[in-house]
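Please read the structure below before turning to the comments.
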Amino acid sequence: MNSLLMITACLVLFGTVWSEKGYLVHEDTGCRYKCTFSGENSYCDKECKSQGGDSGICQSKACYCQGLPEDTKTWPLIGKLCGRK
């Protein structure tokens, strides 16, 4: 019984360690996906899920995602400063 509990705990931990989180970013401009209302946000949730994430919220006027695939690019992008030179 104890070993089953340990295996289950390890699998849960493995899922949280290997998933990414961060602000969604437009790769062509380096700008974050904008949103208006902080907290739960259907637009951000939809955009995050379309990128393979588990969920999304609006935080600091930008879409913040949880559970993104490892290869998903998040803000900031090196060399892309969102309109700044």
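The backbone N, Cα and C atoms fix where each Cβ goes, and this holds for glycine too.
Since this is a predicted model, take the numbers as computed values, not measurements.
Features reported for this protein in Swiss-Prot:
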- CYS31-CYS82: disulfide bond (DISULFID)
- CYS35-CYS58: disulfide bond (DISULFID)
- CYS44-CYS63: disulfide bond (DISULFID)
- CYS48-CYS65: disulfide bond (DISULFID)
- 20-83: domain 'LCN-type CS-alpha/beta' (DOMAIN)
- CYS82: cysteine amide (MOD_RES)
- 1-19: signal peptide (SIGNAL)
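Ranked by Cβ neighbours within 10 A across all protein chains shown, the disulfide-bonded residues CYS58, CYS65 are led by CYS65.
The disulfide-bonded residues near CYS65 (disulfide bond), taking a 10 angstroms Cα-Cα threshold over the set CYS31, CYS44, CYS82, are CYS44.
Counting residues per DSSP class in helix, strand and coil order gives 9 helix, 25 strand, 30 coil for the domain 'LCN-type CS-alpha/beta' (20-83).
Cα to Cα, CYS44 (disulfide bond) and CYS82 (disulfide bond) are separated by 19 Å. Shown in sequence order, TYR23, LEU24, ARG32, TYR33, LYS34, CYS35, ASN41, TYR43, CYS44, GLU47, CYS48, GLY56, ILE57 are the residues of the chain, 6+ apart in sequence, with a C-beta less than 8 angstroms from the C-beta of CYS63 (disulfide bond). Spacing of CYS82 (disulfide bond) relative to CYS58 (disulfide bond) is 19 Å (Cα to Cα, whole number). In this structure, the C-alpha atom of CYS31 (disulfide bond) lies 15 angstrom from that of CYS58 (disulfide bond). Neighbour counts were taken as the number of other C-beta atoms within 10 angstroms of each residue's C-beta; across the disulfide-bonded residues CYS31, CYS44, the minimum falls on CYS31. Summarising the environment of CYS48 (disulfide bond), the number of other Cβ atoms within 10 Å of its Cβ, over all protein chains shown, is 25.
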